[in-house]
């Protein structure tokens, strides 16, 4: 287990959480793990919070592929990325040390805005209007013009991200073993003059989605990358593809993806 000895904790500090993390660090050290203060030195990155904190941990630490991410929920929380509760951290340490875990590999999407440096998303990218006016987007798949969307916005999600914002927009929950990404509409405008598909659709991992923002007053839409807004202005084109970057997480052997979906929603 030498390659898994360095552990880093990512969390939002406050007085109560500082005390809990101090105790977690003590337990880690007592079990032979080396607590590090720089995430780049870690082979295990632990986020403490809900799914949102987990997404931030992955983004803030650079979508590393050479380490294991794991999520710990705070009291009373539930999540799809978090297998452990802050009150049973001892069980997590025992599972890590005795390899009573399974490694999951979550795909990411690559988002390129205006042809510039790409961003990566584990959950989804969304684009929304910032004014009281529909946003107009030409939607192309592999260079083929599929539709012209008018409405509040669009969401492009990974399979694991399908349980987030996309689901609230009537998107499907996608099995993470399916290699592809989902495109969902947010409040599309459909009448005798304007038509869109009116439903979510799923693209194969080899497809390229191109979104062209028509400049009709919506020059500064909100772009959200997972749970963080992008400061980019005057967005004209957004290209989305599946990426080869894979985020490795661990799960308890008796806690499947669909068990977590049921526990979260049903």
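If you go along the chain as it appears here, the first residue is 1 and each next one adds 1.
Cβ coordinates come from backbone N, Cα and C, glycine included.
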| Per Swiss-Prot, which one of 42, 187 shares the NAD(+) site with 51, 52, 123, 124, 150, 152, 163, 164, 165, 166, 167, 168? | 187
| note | The number of other Cβ atoms within 10 Å of the Cβ of residue 163 (NAD(+) binding site), counted over all protein chains shown, is 24
| task | Only counting partners 6 or more residues apart, tell me which same-chain residues put their Cβ under 8 Å from the Cβ of residue 123 (NAD(+) binding site). | result | 55, 157, 158, 160, 161, 164, 165, 226, 227
| query | Across all chains shown, how many C-beta atoms besides its own are within 10 angstroms of the C-beta of residue 187 (NAD(+) binding site)? | reply | 12
| query | So for residue 165 (NAD(+) binding site), how many other CB atoms are inside 10 Å of its CB? | reply | 21
| Cβ contacts of residue 150 (NAD(+) binding site) (under 8 Å, same chain, 6 or more positions away) | 134, 135, 136, 137, 188, 189, 194, 196
